[in-house]
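What Swiss-Prot lists as active site is His63, Asp105. The Ca(2+) binding site annotation in Swiss-Prot covers Tyr43, Gly47, Gly48, Asp64 and is backed by experimental evidence. For Cys42-Cys131, Cys44-Cys60, Cys59-Cys111, Cys65-Cys138, Cys66-Cys104, Cys73-Cys97, Cys91-Cys102, the entry in Swiss-Prot reads disulfide bond, with the evidence type experimental evidence. Per Swiss-Prot, the feature signal peptide maps to 1-16.
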Amino acid sequence: MRTLWIMAVLLVGVEGSLWQFGKMINYVMGESGVLQYLSYGCYCGLGGQGQPTDATDRCCFVHDCCYGKVTGCDPKIDSYTYSKKNGDVVCGGDDPCKKQICECDRVATTCFRDNKDTYDIKYWFYGAKNCQEKSEPC
């Protein structure tokens with residue numbers, strides 16, 4: 001529950017990428033889609049360790065890796081430009097760093113949609129204690 005509260009504070013208090021990522025998830029997955037990914041498996045939510053639990057959690061693992069490769073701006077707080085088109089997201093803007101953040105979020109959101117059948121409620125609030133295996137490299 002603490003993780004949910006932390007994420008809620010972050011999403012409400014930030015008008016940057018995490019806020020936009022949540023809005024993007026809701027657009028693609030449905031109005032409350034973001035709640036499903038606040039604390040799921042070993043990688044969805046704050047932090048991440050161990051092996052992804054399933055294809056849905058792997059989306060978050062890849063997203064974490066993508067954020068880790070961003071240089072020159074802060075993926076968690078910097079705002080970017082995107083538009084919505086026929087259920088998809090199109091990243092825009094002139095700043096290459098911010099566009100890279102948007103692409104990380106877009107790819108993850110699309111991954112959630114493409115793997116929604118792998119989502120398993122048993123991994124919601126799974127907990128770090130269940131994610132003790134060695135992490136694979138990005």
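The count begins at 1 with the first shown residue.
Glycine is treated like the rest: Cβ placed from N, Cα and C.
Look at the disulfide-bonded residues Cys60, Cys102 and count other Cβ atoms within 10 Å of each Cβ; Cys60 has the fewest. Taking the centroid of the Cβ atoms of Tyr43, Gly47, Gly48, Asp64 as the Ca(2+) site, the other same-chain residues with Cβ within 8 Å of it are Cys42, Cys44, Gly45, Leu46, Gln49, Cys60, Phe61. If you take the Cα of Cys65 (disulfide bond) and the Cα of Cys104 (disulfide bond), they are about 9 angstrom apart, rounded to a whole number. On a Cα basis, Asp105 (active site) lies 13 Å away from Cys44 (disulfide bond). For Asp64 (Ca(2+) binding site), other Cβ atoms within 10 Å of its Cβ number 18. The Cβ of Gly47 (Ca(2+) binding site) has Ala128 as same-chain neighbours under 8 Å, each 6 or more residues away in sequence.
DSSP assigns Cys91 (disulfide bond) to a strand in the three-state reduction. Ranking the disulfide-bonded residues Cys42, Cys59, Cys104, Cys131, Cys138 by other CB atoms within 10 A of the CB puts Cys138 at the bottom. With respect to their backbone Cα atoms, Cys66 (disulfide bond) and Tyr43 (Ca(2+) binding site) stand 13 Å from each other. For the pair Asp64 (Ca(2+) binding site) and Cys138 (disulfide bond), the C-alpha distance works out to 9 angstrom. The Cβ of Cys111 (disulfide bond) lies under 8 Å from the Cβ of Ala55, Arg58, Cys59, Val62, His63, each of which sits 6+ residues away along the same chain. Here the Cβ of Cys65 (disulfide bond) has 15 other Cβ atoms within 10 Å, regardless of which shown protein chain they belong to.
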